[in-house]
Amino acid sequence: AAGRGFVGRLGGVEGFLSGSAAHGARGSKLLLHGGIILTDGRDAENLGGALNASPASVVRQHLPDLPTGDAPFNISIANTFGSKKFPQAIIIGVKKGGTRALLEFLRIHPDVRAVGAEPHFFDRFYEKGLEWYRNLMPRTLEGQITMEKTPSYFITKEAPRRVFSMSRHTKLIVVVRDPVTRAVSDYTQTLSKSPGLPSFRSLAFRNATTGLIDTSWSAVRIGIYAKHLENWLRFFPPSRFLFVSGERLVSDPAGEMGRVQDFLGLKRVVTDKHFYFNQTKGFPCLKKPEGSSRPRCLGKSKGRPHPQIPAEVLLRLRDFYRPFNLKFYQMTGHNFGWD
């Protein structure tokens, strides 16, 4: 690199270091390892947590003597690693509807960059401020979409106003599923964490004799989709929403993913060639990615066997949800076929 400059490929974009800057790092050679510049004698395994840090910080950490005023270096960092932006699209709900599957399927797309964990900014951590939120986002290059998913946003009363105050142009994706099977799935998840939980019947009914449903129980309340959607429609027009069928995400993942990609303005990259149906788990998995030894399925917590719920309990719950479902069909212009 001496005298001619050092050119390295960083994160898929060409970056340039002048020869003098390259030799300024305590006179050691620079090696390119897995897309990250390292000083001689250091390998990726010894970097520990550095690989999870931003590439720019890794470069600075391992080039301590590099002058910060070196213009070409600063420009290359900015151009190479993109910038952190507020999400242009958020999966806002619903819990146990299929949001994790949708996000994992979207991650295949090269133009989608998403936060792994649920940030819960608009429901739990709003007081931390928008800059804190933006710093959670992955860096994106021009043309890429930043996304996050937190299913509890859909039922949080303050969330629509808060998202609107960030950007009125945010695209909102809601994954919905038959509210009765969603409630049972919700209960199943809670039961796996708290084995001493009361029966589904005792939690679902406020009064078992009269059959009055307890709408204060979150497993029931979440499924009243029409009520929650009304709250969001006070701030966002229907055109800002895409309602994804949790059932179709299982039976026809490529078809639903086509709709999602269209809504996000993305080329249809994720297609049926990416999926296969896992008979054991009962839902689609992603086919083996290149360089991987096995296909990618969602974790063992997905596809749990549901407990047996008495048929009359499910029937009563179905009757309860019917008018709300019909209203939801009218509001979205889509019959999800739950009745």
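Glycine is treated like the rest: Cβ placed from N, Cα and C.
Bear in mind that the values here come from a model prediction, so they are computed numbers and not experimental data.
Under the heading domain 'Sulfotransferase', TrEMBL lists 87-322.
Non-local contacts of Lys96 (active site, for sulfotransferase activity) by the CB criterion (under 8 A, 6+ apart in sequence, same chain) comprise Pro151, Arg177, Arg182, Ser185, Asp186, Gln189. The active site, for sulfotransferase activity annotation in TrEMBL covers Lys96.
Taken from TrEMBL, the feature 3'-phosphoadenylyl sulfate binding site covers Lys96, Gly97, Gly98, Thr99, Arg100, Arg177, Ser185, Lys302, Gly303, Arg304, Pro305, His306.
Residues annotated as disulfide bond in TrEMBL: Cys285-Cys297.
Counting in whole angstrom, Cys285 (disulfide bond) lies 12 from Arg100 (3'-phosphoadenylyl sulfate binding site) by their C-alpha atoms. Counting only the Cα atoms, the space from Pro305 (3'-phosphoadenylyl sulfate binding site) to Cys297 (disulfide bond) is about 16 angstrom. Comparing Arg100 (3'-phosphoadenylyl sulfate binding site) with Cys297 (disulfide bond), their Cα atoms are 11 Å apart once rounded. Between the C-alpha atoms of Gly98 (3'-phosphoadenylyl sulfate binding site) and Cys297 (disulfide bond), the distance comes to 13 Å.
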